[in-house]
Amino acid sequence: MKKEIASHLLEIGAVFLQPNDPFTWSSGMKSPIYCDNRLTLSYPKVRQAIAAGLEELIKEHFPTVEVIAGTATAGIAHAAWVSDRMDLPMCYVRSKAKGHGKGNQIEGKAEKGQKVVVVEDLISTGGSAITCVEALREAGCEVLGIVSIFTYELESGKEKLEAANVASYSLSDYSALTEVAAEKGMIGQAETKKLQEWRKNPADEAWITA
């Protein structure tokens, strides 16, 4: 499944690999990869494959789930499709409470004691997903874990998720993506080496000249 989803993401341009012309993330870090999973919304067959895959992950790892929660905003649509497939209630969680109206951070019903799985589009450092998990825990929910479309497999992300004591599973990952890109002839050996070096230590820009 990992390579199938990776292939979909590459084909629709949801993921770009530019090891020779790095992107600059909002954090200022140079990166050979940029992921925009919002593009999956525009491709019915791709989003259906993602919804089916996320459902499979949830049934395998979190079979007692009672509520599906999407992260705002990128996880909302995927959470809705998954909850519909599983015939479960759905809510979504903002990064912070609204400054008007009821001031809700959680929209929809997620009640105390309910078992919740969070749906996220992308795991990089894990920050937005963890914010969602913490809000649900504060509301008294039992968060079983997180499922996502893609992960960069960054050590910093893994460490933050472990520190937050939350399990996380992704449909596809950086390793599968680079492998598929190489198989498709989208990157050569030199580019593959740069991509591998970046993942080892993203903060060290030595990978750019690797």
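In case you wondered, yes, glycine gets a Cβ from its N, Cα and C as well.
Feature list (source: Swiss-Prot):
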- ARG94, LYS98, HIS100, GLU120, ASP121, LEU122, ILE123, SER124, THR125, GLY126, GLY127, SER128: 5-phospho-alpha-D-ribose 1-diphosphate binding site (BINDING)
- SER124: orotate binding site (BINDING)
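Sequence features, as recorded in Swiss-Prot, placed on the structure.
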residue	record	Cβ within 10 Å
ARG94	5-phospho-alpha-D-ribose 1-diphosphate binding site	16
ASP121	5-phospho-alpha-D-ribose 1-diphosphate binding site	26
ILE123	5-phospho-alpha-D-ribose 1-diphosphate binding site	27
SER124	orotate binding site	21
THR125	5-phospho-alpha-D-ribose 1-diphosphate binding site	17
GLY127	5-phospho-alpha-D-ribose 1-diphosphate binding site	14
Separation of alpha carbons, SER124 (orotate binding site) and ARG94 (5-phospho-alpha-D-ribose 1-diphosphate binding site) (Å): 18
Helix, strand or coil at THR125 (5-phospho-alpha-D-ribose 1-diphosphate binding site) [DSSP, three-state]: coil
